[in-house]
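S.K.: Following this message is one structure expressed as C-alpha cells.
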Amino acid sequence: MTYINITSVKLFVKVQNIFGVCKVFACLIVIGGGAYEIAKGNTGSLGKGFEGSTTSPGGVALALYSGLWAYDGWNSVTVVTEEIINPGVNVPLSISIAVPLITALYVSMNVAYMAVLTPAEMVSVPAVAVAFGDRVLGRGSFLVPLGVAVATFGCALSVQFGVTRVCYTAARGGHMLEVFSYVNVKHLTPAPAVAFQAVLTSAFILTGNIRTLIDFASWFLWFFYGLAMVALLVLRRTRASSPRPYRVPTPVPCAVLAVALFLSVLPLVHDPSLKYLAALGFIALGVALYTVFVYHRKTPAALLRKFTFITQMLFQSVPPAEHED
C-alpha cells in the first residue's frame, strides 16, 4: 500500500477502483446466499438478533464502535478536497451516493447472516462471514475470506491515502515537521508523509489485537470528530463570509457533535480501561509537543536540518511549488 501511494496517484485510483468493484461483488455474493436461504424459509433467527442485548448507554456506545467502524471511510473524501475536481459538487455527491449504498449493502449482509446463523453461533465463531460461507456456499466458500481480504486491503489503501494528506497539510501549516509537506520530484506524491504513516501503522499493528485497536482508534476518531464540529461551528460564526467549497446545514454538525459526545464520554464511564487512558495520554503528549515545538517554536534546528536532508535524499522530495514559509 505504501509503495502504491508513493508511486502514483493514478495507480492508486486504478487499484482502488478494482478492489472496490471486487468488494461490492463479494457483498453481493453474501446477500445472494442470504436471499436464497430466506426464500427457502430459513427465517427463524431474523427476529432474535437483539436477544440478550444490554440497553445501558455505555454498552450501546461500545457496541457502536465496531458498527460505526465499518462505515468510517466516509471521512476519507473530506480530507482530500484539494485533489478533487470541482469539490463543491463532487464531495457532497460522493458522500450522498456512497453512504446510502454502503448502508444498504451492509444491512442486507447482516440480514443474510442472521438468516443462516443463530445469534449464539455468530458470537462463538471468530469470523461470521467465513462461517456463513462454509454453510451456504459449499466449495465456493473460499470466496468469502478472499472477499474480506480484498475489502480490507482496499479500505486500508484509501484510508492511508486520506490520512497522509492530513499529515501533508498539517506540515504545510507548520503543525508537523516541514519535511512531511515535501513531495517526490518524479511522482509528485507526499512520499515522506506516506512513509511516516506506514511506520506508525506498523507500530500499532505490533502493539495490540484488532478489537483493542478498533476501540482505541474509534475513541480517538469520535473525540476529534467532536472537536472538528466545535471548530466548524465557531468558524461559521466568526468567519461567516469566508469562501467555502461546500456547506452543510448547521443541524448536521450539531447532530455529529452530540453523537461524538455520547461515544467519547460514556465508554470512559462504562469501561475505564487502559486503552482509553492511553488515548488520553496520547492527546496530552500531543498538546505538550504542540506547545513546545509549534506554539513556542522551541525546535532543535540542527537536528531537524539533518533529518530533513536525510529524508529528502531518501525519498527524493522537495517543497511543493506553492509552499509557504
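In case you wondered, yes, glycine gets a Cβ from its N, Cα and C as well.
Annotation source TrEMBL lists transmembrane segment at 18-39, 93-116, 142-168, 216-236, 248-270, 276-296.
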S.K.: Are there 3 or more C-beta pairs under 8 Å linking the transmembrane segment (276-296) with the transmembrane segment (18-39), counting only pairs at least 6 apart in sequence?
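M.R.: No, since the transmembrane segment (18-39) and the transmembrane segment (276-296) share fewer than 3 Cβ pairs closer than 8 Å, they do not count as touching.
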S.K.: Using a Cβ-Cβ cut-off of under 8 Å, list the residues of the same chain that are 6+ residues beyond the ends of the transmembrane segment (93-116) and lie near it.
M.R.: 24, 27-28, 30-31, 33-35, 37-38, 42-43, 45-46, 48-49, 70-71, 73-74, 77-78, 122, 128-129, 132, 135-136
S.K.: Residues of the same chain, at least six outside the transmembrane segment (248-270), with any C-beta under 8 angstroms of its C-beta?
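M.R.: Non-local partners: 56-62, 64-65, 68, 92, 215, 218-219, 222-223, 225-226, 229-230, 232-233, 236, 276.
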